[in-house]
């Protein structure tokens with residue numbers, strides 16, 4: 001049986017009869033130390049894991065390809081500076097064609113590639129060439145080679161010319177036009193008649209005029225791995241957008257929202273609901289614009305100016321259209337739900353008034369979220385940089401040429417070489433995949449830890465405010481600032497282990513749900529989803545149950561943090577105390593708490609949706625539409641802005657959220673200890689809960 005908590009929560013008298021300045025001070029001790037040790041070890045592992053990424057990775061690999069020497073286009077190397085040469089071009093048209101054949105032994109990874117400044121175009125009156133980097137007897141500087149449009153065929157020896165006519169280099173004919181598709185020159189299956197005629201007149205090997213040369217490149221550029229790399233690279237390129245729209249904008253909006261709650265609490269629920277629907281519709285319209293269903297600003301894989309009659313398909317456009325349809329459905333449901341909860345908004349107003357009074361009394365609560373916000377911002381900058389390097393880590397190796405008939409002229413060896421003529425690729429080992437998943441889990445656990453720590457500090461501060469009532473003349477001087485810093489001290493000294501355990505539970509459940517969802521999608525793709533109605537019912541019921549468990553655990557964790565801050569108990573014990581209090585008072589506080597949470601949740605979505613909308617506007621500027629900094633799709637950067645905005649809003653809205661929950665739980669405990677008559681509850685809270693309780697009784701009758 002749980003004993004009374006009032007004796008350990010309020011002020012108490014020492015043995016000498018003097019009052020201690022000890023709101024929520026009693027004989028505390030460190031709890032859940034094992035999980036704190038695990039959390040520290042996890043951070044050390046994160047640092048080691050990240051150092052591997054910084055050592056082995058190169059984020060430019062996510063955007064640009066490799067040339068025939070294994071260098072990354074667009075970067076500087078020890079023997080060759082390719083900083084300005086960002087485009088990957090396949091030199092040998094026959095290799096590209098053969099790699100698209102079903103029974104061909106050549107793969108596109110084995111085809112010879114080079115880094116260029118722009119995609120070359122065939123000449124109308126003569127035959128143009130694209131030659132290897134100048135080496136050996138070719139006495140040209142890289143700048144001169146670029147100025148000559150990569151063509152030094154006139155300087156070749158007879159042996160080199162003969163090799164070039166056999167499509168073995170060092171120069172290769174320009175027969176097919178190409179266009180810049182995600183920093184790779186996509187061939188267009190439309191040969192230049194003039195160039196092909198000159199090639200045949202020079203005695204070059206056969207090049208089919210009507211061959212489908214773009215198929216293999218298109219398949220490579222649109223592969224899932226390539227699209228994933230581009231999405232991750234988009235986040236890296238748009239880091240200024242993430243700072244502004246994922247950090248500064250939600251910070252400003254969250255502070256404004258708290259100030260409005262403080263001074264205009266009666267109007268805020270209505271403003272929040274209307275603003276939420278408007279922002280949701282605005283974001284949906286932007287997705288329609290990028291999907292090409294409104295206007296002509298659809299996402300395109302082609303970079304720079306191009307022939308308007310050339311249409312190249314990109315998987316990113318399909319993804320944007322799917323999200324646009326999803327946002328349409330969400331908008332419709334949100335509007336209908338908003339209409340349904342209009343009658344409950346007045347009840348939410350009463351609840352928010354209680355939180356507004358607490359914020360007015362404990363003024364430091366508005367300032368405090370800036371501390372976890374700054375810590376989380378520093379963590380995210382480190383995490384994002386490490387993530388980009390981890391995603392791009394791997395060993396650059398030359399492909400095996402034993403089963404291919406490729407040969408290429410080596411300018412240094414001055415002969416045709418058939419042993420080192422294949423292209424290069426990046427080899428990924430299984431431990432890289434594990435490192436990436438570990439890094440993602442670390443981000444989620446750290447985020448939950450910072451949010452939980454912030455919530456615990458706020459709960460301790462509000463608990464001090466609640467249990468100090470009745471002694472206001474003595475406690476009023478302590479209420480404005482000291483409870484916040486005292487609560488931070490108690491967290492750092494006693495409760496970090498409990499917070500680490502609570503955040504680990506949420507992270508574990510989320511990871512488990514993610515794994516099950518991945519398995520579900522895999523079975524759905526492979527056609528193994530149950531066909532019988534009973535199997536389908538169990539299939540969807542399990543998904544619903546898992547989401548319910550996830551929501552329940554998050555809610556239980558939040559209440560557990562409150563009791564940790566107030567009682568100093570361990571995580572499991574605090575969770576049990578909170579659950580028992582809520583169960584005993586569910587009819588009295590249920591509706592009030594749920595409606596208040598709904599309005600706060602909509603407020604968080606308002607901040608995050610505005611961040612996403614501002615992210616769309618920033619990404620639509622010329623900087624992110626040009627060839628160098630262009631993002632392949634605004635989808636992932638906008639989603640990242642939304643997620644970061646939601647996290648920032650959660651940190652600041654926790655002031656209101658935890659204030660309500662802490663006062664309600666303290667009220668429940670106060671009522672139990674005083675035979676149903678709370679002695680410390682504010683009058684406004686009593687009016688709200690009593691009116692709700694009376695409404696429940698009338699409904700029951």
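For all residues, glycine too, the Cβ spot is worked out from N, Cα and C.
Whatever TrEMBL says is automated annotation, not expert-curated.
These figures come from a predicted structure and were not determined experimentally.
Copied over from TrEMBL, here are the features:
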{"type": "TRANSMEM", "residues": "33-54", "note": "transmembrane segment"}
{"type": "TRANSMEM", "residues": "239-260", "note": "transmembrane segment"}
{"type": "TRANSMEM", "residues": "267-289", "note": "transmembrane segment"}
{"type": "TRANSMEM", "residues": "322-342", "note": "transmembrane segment"}
{"type": "TRANSMEM", "residues": "362-383", "note": "transmembrane segment"}
{"type": "TRANSMEM", "residues": "494-516", "note": "transmembrane segment"}
{"type": "TRANSMEM", "residues": "592-616", "note": "transmembrane segment"}
{"type": "TRANSMEM", "residues": "636-656", "note": "transmembrane segment"}
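If one looks beyond the transmembrane segment (592-616) by at least 6 residues along the same chain, the residues whose Cβ comes under 8 Å of a Cβ in the stretch are 241, 244-246, 249-250, 253-254, 257, 268-269, 272-273, 275-276, 279-280, 282-283, 286, 341, 344-345, 347-348, 350-352, 634, 637-639, 641-646, 648-650, 653, 656-657, 660-661, 664, 688-689, 692.
Counting Cβ pairs under 8 Å to the transmembrane segment (636-656), the top-ranked stretch among 33-54, 267-289, 362-383 is 362-383.
Outside the transmembrane segment (362-383) by six or more residues, the chain places 50, 247, 251, 254-255, 258-259, 262, 439, 442-443, 446-447, 450-451, 453-454, 457-458, 461-462, 464-465, 479-481, 483-485, 644, 647-648, 651-652, 654-655, 659 with a CB less than 8 A from a CB of the stretch.
Packing against the transmembrane segment (33-54) from elsewhere in the chain are residues 382-383, 385-387, 389-390, 393, 435, 438-439, 442, 445-446, 449, 496-498, 500-501, 504: each is 6 or more residues past its ends and has a CB under 8 Å from a CB in it.
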